[in-house]
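Notes to accompany the following structure.
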Amino acid sequence: MASFISLSSKSASWNASSCPHPSVQPFVTRKNVVRYHKPTSSEPSYSPLTTTLSSNLNSQFMQVYETLKSELIHDPLFEFDDDSRQWVERMIDYTVPGGKMVRGYSVVDSYQLLKGEELTEEEAFLACALGWCTEWFQAFILLHDDMMDGSHTRRGQPCWFRLPEVGAVAINDGVLLRNHVHRILKKHFQGKAYYVHLVDLFNETEFQTISGQMIDTISRLAGQKELSKYSMSLNRRIVQYKGAYYSCYLPIACALLMFGENLDDYVQVKDILVELGMYYQIQNDYLDTFGDPNVFGKTGTDIEECKCSWLIAKALELANEEQKKILSENYGIKDPAKVAKVKEIYHALNLKGAYEDYETNLYENSMKAIKAHPSIAVQAVLKSCLEKMYKGHK
């Protein structure tokens, strides 16, 4: 095997007194330490399919989650009573974990690949805590996105705001989730040299993401009046800002900062990651219509909500005048019969094939750019990111 990351199969020996964070127990000890095997000169370059964490990661990652959640619901900055504490705990459990946790895992994955040697207990804890910050951030984004879209399900269960006892309270809950990120950062990273850069990174990413959400929302107002306003360039702008920065760039940038790097030195890496992040969002557009809700845990509403998705933008690019007329008459209307007519046009234009062509070209171009980077460790990080997303619809 060219490269691997593994955790000892021996169970960790818990010793709270030796933990760099006295309030929690360590989940990685010196006897159960993350190790990284450097390829020798005779070995091939990193194989992204083998740079994965051990099967123990999920349970260890969740242990850190429980620690962070406990800290938040006992935050001395607010005087919790039983009702408020139970509400916040339930809300966190409902909205933060439960997905694939790709962003959170990517922080840990990437930091290990960059360091290239065993992690200390503190490093392992901090990498997971930072990973959870990206998951908390996503929960905030998704909670508000679901409300704005009028979505019904998320990750195979009703959206948080759809619960009878929640409703509009979810607006405040979303803001609370966003504030939790800063509470975690302050508690565990304030003394680090890169703390201010982490805060800036999350603040800038939030601005880009909610600005992208704004474009997505107001473009629908124009599209409802005149569908021809939609284009591939508009879709690209939406997916770049609404999802690419926080989905792909944020986790890797967190790992780079924790490793002591200056993000200004990684402009090329940022460009690659933003392109991959856009691919991730376009993949979501594809799955919204062509994915199985039972598999992906979400009922698609892009057609009904008149979104400027990759599919409608591509359809308008390929359609003849008659097909464009049908799309204009039926797109953006909450009527199953009209949604079906839009999907008929999608199938007639072979948008599945168009998406697969885009996906193949994206993979080839991204891999070429990744291999051009001078650092093998950075190549491994980028390849791992690409492989996690590639053909996620299969």
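Glycine too: its Cβ is placed from the backbone N, Cα and C atoms.
Annotated features in Swiss-Prot:
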- 1-65: transit peptide (TRANSIT)
- LYS100, ARG103, GLN138, ARG155: isopentenyl diphosphate binding site (BINDING)
- 145-149: motif 'DDXXD motif' (MOTIF)
- ASP145, ASP149: Mg(2+) 2 binding site (BINDING)
- ASP145, ASP149: Mg(2+) 1 binding site (BINDING)
- ARG154, LYS242, GLN281, LYS298, LYS307: dimethylallyl diphosphate binding site (BINDING)
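A strand conformation is recorded for ARG154 (dimethylallyl diphosphate binding site) in the three-state DSSP classification. Cα of GLN281 (dimethylallyl diphosphate binding site) to Cα of GLN138 (isopentenyl diphosphate binding site): a span of 14 Å. Excluding LYS100, ARG103, GLN138, ARG155, which define the isopentenyl diphosphate site, the same chain contributes GLY98, GLY99, MET101, VAL102, GLY104, GLU135, LEU142 within 8 Å (Cβ to the Cβ centroid), listed in sequence order. It is 10 Å from the Cα atom of ASP145 (Mg(2+) 2 binding site) to that of GLN138 (isopentenyl diphosphate binding site). In space, LYS307 is the closest of the binding-site residues LYS100, GLN138, ARG155, LYS242, LYS307 to ASP149 (Mg(2+) 2 binding site), judged by Cα positions. Listed in sequence order, ASP216, ARG220, ASP285 are the same-chain residues six or more apart from LYS307 (dimethylallyl diphosphate binding site) with CB atoms under 8 A from its CB.
Spacing of LYS242 (dimethylallyl diphosphate binding site) relative to ARG103 (isopentenyl diphosphate binding site) is 15 Å (Cα to Cα, whole number). Helix, strand and coil counts from DSSP across the motif 'DDXXD motif' (145-149) read 5 helix, 0 strand, 0 coil. In this structure the C-alpha atoms belonging to LYS100 (isopentenyl diphosphate binding site) and ARG154 (dimethylallyl diphosphate binding site) are separated by 12 Å. Rounded to a whole number, the C-alpha distance linking ARG103 (isopentenyl diphosphate binding site) with ARG154 (dimethylallyl diphosphate binding site) is 17 angstrom.
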